[in-house]
Amino acid sequence: MASSSPAAETWLLENGHIKPLSKEMRHGHGRSHGRTAHNVSSSSLRKKSDLTLVRKVPCAIVRDVLANVQEVILGTKLFVLFIAIPIAIVAHYKNFGRSWVFGLSLLGLTPLAERVSFLTEQIAFFTGPTVGGLLNATCGNATELIIAIFALIQHKVDVVKYSLLGSILSNLLLVLGTSLFCGGIANISKEQKYDRKQADVNSLLLLLGLLCHALPLMFRYAGVGQSAAITAQATLNLSRVSCIVMLLAYFGYLVFQLWTHRQLFDAQAEDNEGDDTEDEEAVLGFWSAFAWLVGMTILIALLSEYVVGTIEAASDSWGISVSFISVILLPIVGNAAEHAGAIIFAFKNKLDISLGVALGSATQIAMFVVPLCVVVSWIIGVRMDLDFSLLETSSLALAIIVTAFTLQDGTSHYIKGLVLLLCYIVIGASFFVSNIPQNQPNGVNLGSSSEGIMRV
C-alpha cells in the first residue's frame, strides 16, 4: 500500500533478505532498480502528491485506498484525460457514434500508457535491477502490443502493420526530430552533445530489422512470374525465420543492456537524471503496484478492442484513410505522454534521455513487438508476414537511414531536428493521400489478401 509518511523508509528485497535503503543508496536507486529513459521521461509529467488530508482519515484501510488513488490517478498531469475512459465505455454500450468511441478510447489510452510506466517503475523498486529492467523492456510498449494483438484476433493485419510502422516512424522522426529541434532552439548558444554508444547500438539493430523487412518484399518481386500462392507461402516462411532472428537479436540486446555492458546505460542515467530523482522513493507497495498494473492493463485491453473495432467507422466519418489513422494518429496520441517527456528533457539539454526514449522505443517495436506479432499470428492461424509493401518499407528505410546519419557525430543543433520533422511531414502526407484499394495490381499489396481485408 502507499507510504503513510513521506519519511517512510524504502525497502529493497535483495538475495532473499529485506533491508532499508539509506539516503545515499536511494539517491542512486534510479539506476539500481532498472530505471530506463522511458521511466525518466514519463516522470516529467508526474505530480508530487500531497497526502496531508489523506493522513487525517481515521480508518487505516480507507486511508491507504485513498492514498493509492491519489498517487496513481491524480499523480499525473494527464489525470484529466481519465474521464475519457468511462465516457468511452458508456458510449460503446449506449451505441453512440462509433467515431466518438474511437476518439474517446484513443484519449483514454494516453494517461494509461504513462501510468503503466509509473507502475512498472514502482514494482522495480522491490524486484532488483535485472527483473526491473526486463519488466521495463517488456511493458515499455504495452499499448502498441495489445492493440496489435486485438487487431490480429480480428484478422486486421493491415492495421497491425500500419500501427507498428507508424510507431517506429513517429519515434525516429517526430519525437526525435521535435526533441532535437526544441532542444536546439532552447540551447541555441551552446552545442548539445550526447553519448553515441547507445545510438550506435540502436542504429545497428534498426538496420538489422530493416533488412528483415526488406528481404520479404524483394523476395516477392524476385518471384514475379511464379505462382502467386507459392511466392506468398515462401515469403511467409522467410518472414517467420526472420522474426526468430530478430527476437534472438533483441534478447542479445537485453543481455548487453542489463548484464554485460550495463555500465554504459547506468553512466548515462547518472549523468542526465541529476536533480530529477533526488528524493526518489517507492510510493506504492509491491502488491498495490501489481494490482494497479493488472487493472490498468485490463483497461488498455478494453480500450484497444474499442479502437480496433471502430477504426473503419472513424475513417469513414472523418474522411481520412485507415492507413493515415494507423500510421499517424494512433502512435501520436497513444504515446503522447512519453513523447512529451522526451521533448521536455531536450529543453533541459538532456539529450541522452530523449534519445533513449525515441531510439529505445523504435528498437523495441522493430525488434520485439513486430516479430512477436508475426509469431502470435502464426500460433492463432493468421497469415502475417514482414512484407510491408513498397511505400511502407521505403518509408521505414529512409527514416532509419536519415536518423543514423543525423546521430553519427554525437552533437546536435536545431537544423537536424527540423530535417527529421520535415521528413515525417512528407511521409505523413504520402499516407494521407494514399487511398489505393488493396486488390489493385500495383505491387503495394499488404500481403493479407488471403484474409479478405480491404485496404481503406
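Glycine is no exception: its Cβ is also placed from the backbone N, Cα and C atoms.
Feature list (source: TrEMBL):
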type	residues	note
DOMAIN	100-259	domain 'Sodium/calcium exchanger membrane region'
DOMAIN	289-427	domain 'Sodium/calcium exchanger membrane region'
REGION	23-43	region 'Disordered'
TRANSMEM	72-93	transmembrane segment
TRANSMEM	131-153	transmembrane segment
TRANSMEM	165-189	transmembrane segment
TRANSMEM	201-222	transmembrane segment
TRANSMEM	234-256	transmembrane segment
TRANSMEM	284-308	transmembrane segment
TRANSMEM	320-347	transmembrane segment
TRANSMEM	353-381	transmembrane segment
TRANSMEM	388-407	transmembrane segment
TRANSMEM	413-433	transmembrane segment
Contact between the transmembrane segment (234-256) and the transmembrane segment (72-93) (3 or more Cβ pairs under 8 Å, separation 6+):
no
Restricting to the same chain and to residues at least six past its boundaries, which positions have a Cβ under 8 Å from a Cβ of the transmembrane segment (72-93)?
45-47, 49, 100-101, 104-105, 107-108, 110-112, 114-115, 118-119, 283-284, 292, 299, 302-303, 306, 337
Counting only residues at least 6 beyond its ends, the same-chain positions whose CB falls under 8 A of a CB in the transmembrane segment (353-381) are 36-38, 40-41, 137, 140-141, 144-145, 148-149, 152-153, 157, 160, 164, 167-168, 171-172, 175-176, 179-180, 183, 194, 198-199, 202-203, 205-206, 208-210, 212, 239-240, 242-244, 246-247, 249-250, 253, 268, 272-273, 335, 338-339, 341-343, 345-346, 403, 407
Reduced to three DSSP states, the domain 'Sodium/calcium exchanger membrane region' (289-427) has 117 helix, 2 strand, 20 coil
Contact set of the transmembrane segment (320-347) with the rest of its chain, CB cutoff 8 A exclusive, min separation 6+ beyond the ends, reads 38, 40-45, 76, 78, 106-107, 109-111, 113-114, 117, 143-144, 147, 158-159, 162-163, 165-167, 169-171, 174-176, 178-180, 182-183, 186, 272, 307, 311-312, 314, 353-354, 357-358, 361, 428, 431-432, 434-435, 455-456
Below 8 angstroms Cβ to Cβ, which residues of this chain, lying six or more residues outside the transmembrane segment (284-308), approach it?
1-2, 68, 71-72, 85, 88-89, 92, 101-102, 105-106, 108-109, 112-113, 115-116, 119-120, 122-123, 125-127, 142-143, 146-147, 150-151, 154, 156, 159, 330
Tertiary contacts of the transmembrane segment (388-407) (same chain, 6+ residues out, Cβ under 8 Å):
161-162, 165, 168-169, 172-173, 176, 180, 194, 196, 199, 203, 206-207, 210, 213-214, 217, 355, 359, 416, 419-420, 423, 427, 430-431, 434, 443-447
